[in-house]
Amino acid sequence: MASKPEKRVASSVFITLAPLRRDVAMAEEVRQAVCEARRGRPWEAPAPMKTPEAGLEGRPSPWTPPGRAAATVPAAPMQLSNGGCPPPPPVLDGEDALPDLDLFPPPPPPPPVLLPSEEEAPAPMGASLIADLEQLHLSPPLPPPPPQAPAERPSVQPSPLRPMEEELPPPPAERVEKGASTDICAFCHKTVSPRELAVEAMKRQYHAQCFTCRTCRRQLAGQSFYQKDGRPLCEPCYQDTLERCGKCGEVVRDHIIRALGQAFHPSCFTCVTCARCIGDESFALGSQNEVYCLDDFYRKFAPVCSICENPIIPRDGKDAFKIECMGRSFHENCYRCEDCRILLSVEPTDQGCYPLNNRLFCKPCHVKRSAAGCC
């Protein structure tokens, strides 16, 4: 088959042969090889096939004028070896449709193309192409693979649910190794083995033999103990560390009162005059560090005003000030001029006290008394 379409002239009708169609795409080299093989041999017309119209061959064909070729219309369109059909010839309306062409003699009529009978099977598509490939010692193209049915996915069936005990794996058994422990003895700073006796006290771990009194080394495991400064002590050693009362000399175990740099029982810290427990009240001391309540101390040691002859003590939560003049004591309100009763100042000013003959006078009164020469 030529690379370009081949044309044949039949009278004035041009028949164009279309190239063969291939169902399977070939490589460019195979196509060129087939074309060269076909150029070397003449065109092979398809073998005539029997048809029901074969009996009409003996009948004379209709008359045609000389110089013109009779156009033969085949009973069925010509089929190519690859199953294609050429395009139909143009239809002539009359004898004068085309001019007379006397250049070439009329070609012989084409052989009739008969339809294949039902008994004879049609030639397989591409038989001539396979024969050409066999001559060139080339392997024929592989037929297209048959369409495969979509693979069925295996049906996944949910497995029956099992109880929770079966799905969860059993917890791993805890292996306790010999001597493996994270507890450290707070006394010897060594590991506390699980097989050893241990004591937990003061938020710490101890070996049983290490938990002892820090003074006498007495075993305290299973015993009552006291804690002082983070150290365990037995009861006798703890009492030895306690303070003793400054009055009776006994150990102060419960409530303690600290005064004068000593410790006292609450019942021992009392007034020496009325024997009343002072507790957390204010107190006063005598010349020999005797403890007095305030009332007894003022009654015994408070100065007496030389004017009103009352003790000078604080009253109504207010402090009392003592004014001393000429060896005598006075209340602030009693420190006045004996003539004009004006309050005298404690400062050495004109408003101060100007005594005369052991009496209190202001400056003006003092001048008058001195000028008169009498008291």
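Positions of Cβ are set from backbone N, Cα and C atoms, glycine also.
If you look up Swiss-Prot, you'll see 1-70 marked as region 'Filamin-binding'.
Marked as region 'Disordered' by Swiss-Prot: 43-119 (among others).
As annotated by Swiss-Prot, compositional bias 'Pro residues' applies to 104-114 (among others).
The annotation region 'Disordered' is assigned in Swiss-Prot to 137-176 (among others).
Here Swiss-Prot flags 140-149 (among others) as compositional bias 'Pro residues'.
Summarising the annotation, Swiss-Prot assigns compositional bias 'Low complexity' to 150-159.
Sequence annotations record features per position, and here Swiss-Prot assigns domain 'LIM zinc-binding 1' to 183-244 based on sequence analysis. Look at the domain 'LIM zinc-binding 1' (183-244): DSSP puts its residues at 7 helix, 20 strand, 35 coil.
According to DSSP, the domain 'LIM zinc-binding 2' (245-302) comprises 8 helix, 14 strand, 36 coil. Summarising the annotation, Swiss-Prot assigns domain 'LIM zinc-binding 2' to 245-302 and lists sequence analysis as the type of evidence.
Taken from Swiss-Prot, the feature region 'FERMT2-binding' covers 278-375.
Under the heading domain 'LIM zinc-binding 3', Swiss-Prot lists 303-372. When DSSP labels each residue, the domain 'LIM zinc-binding 3' (303-372) comes out as 10 helix, 14 strand, 46 coil, counted as helix, strand and coil in that order.
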